[in-house]
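Let me begin by presenting the structure, written as structure tokens, before commenting on it.
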Amino acid sequence: MAQYSQTLRSSGFTSTVGLTDIEGAKTVARRIFENYDKGRKGRIENTDCVPMITEAYKSFNSFFAPSSDDIKAYHRVLDRNGDGIVTYQDIEELCIRYLTGTTVQRTIVTEEKVKKSSKPKYNPEVEAKLDVARRLFKRYDKDGSGQLQDDEIAGLLKDTYAEMGMSNFTPTKEDVKIWLQMADTNSDGSVSLEEYEDLIIKSLQKAGIRVEKQSLVF
């Protein structure tokens, strides 16, 4: 967390007492997010954390080359709600917490509880299929960003078909493109675990399988 405080200082924010009001903290958050959200993706990925860390150390005339473990750990610190994605809201919460002493954690926890409670309850057979999907997703989410890019999807597709007994299937670039278009519901150019799970559920439903509450019905 000390590294993050250094990042705040290196972003250009100054204060004689080291504190500001909530609006001031939001201004700092916006400045940090816009500076490090390379490509305007709407999120900060592991690769974006590298300059955040190195520039923080540089502001103290120190050189530091973060390892992959350092980068992943830093990303987890920024990811306040633990969904695998660092958004502007995550950065804003950190800025408010450490620049004003005000915490918004309770609100975020409440929102997470609402999100979890509204998630459909699937029967055990479907949950077993989703567990396999989650395991495959984690295997190919090589940078731990919680998102799959083009170069990570081909392997996921191959293993998904293998789980269905089609071990000889090798996806083409066109297959990957079509699958990405189907799965990427928010059109951000990548596929999240939630989007992948939704696609699995829709595929089961199209196959005539009842996915909620009752046992599988073919």
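FYI, residue positions are counted from 1 along the chain as it appears here.
Yeah, the Cβs are placed from backbone N, Cα and C, and that goes for glycine too.
Taken from Swiss-Prot, the feature Ca(2+) 1 binding site covers ASP37, ARG43, ASP48. A sphere of 10 angstroms centred on the C-beta of ARG43 (Ca(2+) 1 binding site) encloses 20 other C-beta atoms.
Cβ neighbour count for ASP90 (Ca(2+) 2 binding site) (all protein chains, 10 Å cutoff from its Cβ): 22. According to Swiss-Prot, the feature Ca(2+) 2 binding site maps to ASP79, ASN81, ASP83, ASP90.
Secondary structure from DSSP puts ASP143 (Ca(2+) 3 binding site) in coil. According to Swiss-Prot, the feature Ca(2+) 3 binding site maps to ASP141, ASP143, SER145, GLN147, GLU152.
Non-local contacts of ASN186 (Ca(2+) 4 binding site) by the CB criterion (under 8 A, 6+ apart in sequence, same chain) comprise GLU195. Under the heading Ca(2+) 4 binding site, Swiss-Prot lists ASP184, ASN186, ASP188, SER190, GLU195, citing sequence analysis as support.
For the domain 'EF-hand 1' (24-59), DSSP puts the residue distribution at 26 helix, 1 strand, 9 coil. Annotated domain 'EF-hand 1' per Swiss-Prot: 24-59, in sequence order.
Residues or ranges marked as domain 'EF-hand 2' by Swiss-Prot: 66-101.
Listed by sequence, the residues of this chain that lie at least six past the ends of the domain 'EF-hand 3' (128-163) yet keep a Cβ under 8 A from its Cβ atoms are 43, 45-47, 72, 75, 83-85, 122, 169-171, 175-176, 179-180, 189-193, 196-197, 200-201, 204. The domain 'EF-hand 3' annotation in Swiss-Prot covers 128-163.
The domain 'EF-hand 4' feature in Swiss-Prot is assigned to 171-206; the stated evidence is sequence analysis. In the predicted model, residues of the domain 'EF-hand 4' (171-206) average a pLDDT of 84.
Ranked by CA distance from ASP90 (Ca(2+) 2 binding site), the binding-site residues ASP37, ARG43, SER145, ASP184, SER190 have ARG43 at the top as the closest. A Cβ within 8 Å of the Cβ centre of ASP37, ARG43, ASP48, the residues given for Ca(2+) 1, is found for these other residues of the same chain: PHE33, TYR36, LYS38, GLY39, LYS41, GLY42, ILE44, GLU45, VAL86.
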